[in-house]
Amino acid sequence: MMNEIERRRTFAIIAHPDAGKTSLTEKLLLFGGQIQVAGAVKSNKIKKTATSDWMDIEKQRGISVTTSVMEFDYNDYKINILDTPGHQDFAEDTYRTLTAVDSVIIVVDGAKGVETQTRKLMEVCRMRNTPVIIFVNKMDREGKDPFDLLDELEAELKIQVRPLSWPINQGQRFKGVYNIYEQNLNLFTPDKQKVTEKVEVDINSNQLEEHVGTADAEKLRTDLELIDGVYPEFDVQEYLDGKTAPVFFGSALNNFGVKELLDCFVQIAPSPRPTKAEERVVMPEEPKFSGFIFKITANIDPNHRSCIAFCKVCSGKFVRNAPYLHVRQGKTLRFSSPTQFMAQKKSTIEEAYPGDIIGLPDNGTFKIGDTLTEGEVMHFRGLPSFSPEMFKYIENADPMKTKQLNKGIEQLMDEGVAQLFVNQFNGRKIIGTVGQLQFEVIQYRLENEYNAKCRWEPVSLYKACWIESDDPQQLEAFKKRKYQYMAKDREGRDVFLADSGYVLQMAQADFEHIKFHFTSEF
Ligand code: G4P
């Protein structure tokens with residue numbers, strides 16, 4: 001059991017769209033033997049197996065909407081990569097996926113540096129002290145000076161960095177990467193079919209000049225001296241505590257610097273970590289199984305309508321057909337066909353260990369955040385849902401299909417596609433999302449999966465705030481004053497829908513005993 005736990009590495013690759021997440025994922029799959037063609041990243045065939053374009057809508061729009069899991073063995077390690085949607089309108093999905101990983105690799109475009117999406121995702125990692133490794137990609141292109149880039153990473157991502165590899169020049173003149181961690185040199189061959197050449201070089205001998213030329217050799221020596229002077233020695237514990245991020249340089253497209261990243265990653269990245277439940281902290285090595293649902297996705301197989309709930313195993317051994325307690329419903333369930341994933345392929349498994357992600361067929365039994373145990377009543381803590389950025393009234397566009405519409409809305413909200421608020425004044429339903437695209441996804445899925453039609457009507461809102469107070473009188477007074485703007489979320493909690501930043505500020509000033517929260521636990 002300990003051995004199974006210790007060999008697992010469950011992580012996500014996160015990046016701003018276009019930084020190279022797909023290319024990097026594909027290279028990792030290549031090393032894991034999941035795909036066979038070296039370097040042919042742009043072949044559609046590989047793209048199909050490596051990415052997870054499960055939903056129709058995703059194919060139509062060319063956006064990775066759903067989050068999938070890819071598993072493979074590498075040396076003695078079992079790697080679970082949780083894929084995240086590339087489009088920022090689905091950021092909420094990515095936030096939730098980050099609750100199920102033990103560490104993260106962030107891909108940054110060497111020319112563009114830190115971009116908005118990277119910054120936001122890093123905030124979520126920081127909230128959970130998730131260990132982070134940074135891969136600076138596209139070194140085969142002209143980009144920023146690596147030292148400037150390190151400063152930018154530190155300032156923008158608010159984390160200490162420590163380079164573990166160092167680029168020798170870049171763009172047209174990119175010669176390779178010096179692996180600081182292993183102290184050897186990787187020479188770059190701009191050829192996608194060839195894996196890089198690794199050379200053992202004493203960088204203080206003139207062997208270095210022979211390989212990279214005098215100017216670059218001199219520069220490398222000075223750079224390395226500077227690195228040692230400026231950055232403290234790499235400390236694995238600091239990385240595990242989420243305080244320091246080791247940085248690697250390379251080119252995912254050319255499969256350069258990726259193996260170095262992977263080899264170091266498996267050595268230093270954490271195996272499954274303890275998970276916090278409301279009642280207690282759960283250790284992975286505990287004998288009894290426990291896990292939580294962090295993602296529900298529909299239509300993995302377009303021929304079947306049922307959903308798949310993704311469960312992260314937190315402790316013990318999950319066994320097929322064993323009875324497990326669905327804590328929220330107080331029901332015992334048995335799973336006869338739990339699955340593991342490899343993009344579109346999935347196969348039934350007999351057992352799973354902490355760190356693994358299992359797919360459980362679901363017909364509306366699960367909600368995001370649900371806990372499964374061997375009988376103990378406990379609740380894993382989810383990531384809070386954030387106040388949506390966009391709001392619309394959802395209206396029924398086909399009165400004959402009211403039932404279908406309501407069922408569809410309920411299930412899509414269970415999946416965490418968006419958030420639903422019911423205005424207490426007029427009883428109208430308001431859907432809140434983080435991006436415009438989600439409204440389109442909801443409309444499309446209601447039509448295609450539930451045979452229901454909806455219509456959107458504008459509502460001008462700024463933020464949804466969950467409110468609470470120790471002063472019941474003031475709370476009542478507030479609700480009375482703002483009765484047109486009071487809503488309930490799906491858990492029946494009071495939510496104040498502020499229509500402008502100004503109104504919110506005034507409310508905060510007038511009602512000082514009321515707490516306005518911009519996030520809520522699931
Ligand atoms: P994403 O999943 O993070 O969105 O990024 P993806 O890997 O799809 O890469 C985005 C673009 O960047 C792709 O180009 C890809 O070929 C390119 N790219 C990725 N890694 C590298 C690299 O190391 N060096 C260089 N020069 N380019 C890289 P595209 O134009 O969108 O696609 P295509 O026209 O190449 O098919």
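Cβ from N, Cα, C; glycine included.
Straight from TrEMBL, the features:
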type	residues	note
DOMAIN	6-273	domain 'Tr-type G'
BINDING	Asp83, Thr84, Pro85, Gly86, His87, Asn137, Lys138, Met139, Asp140	GTP binding site
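Summarising the environment of Pro85 (GTP binding site), the number of other Cβ atoms within 10 Å of its Cβ, over all protein chains shown, is 22.
Within the set of binding-site residues Asp83, Pro85, Lys138, Asp140, Lys138, Asp140 have a CB atom less than 6 Å from some atom of ligand 1.
Around Lys138 (GTP binding site), the same-chain residues at least 6 positions away in sequence with a Cβ under 8 Å from its Cβ are Gly20, Asp109, Gly110, Ala111, Ser251, Ala252, Leu253. Within 10 Å of its Cβ, the residue among the binding-site residues Asp83, Asp140 with the fewest other Cβ atoms is Asp140.
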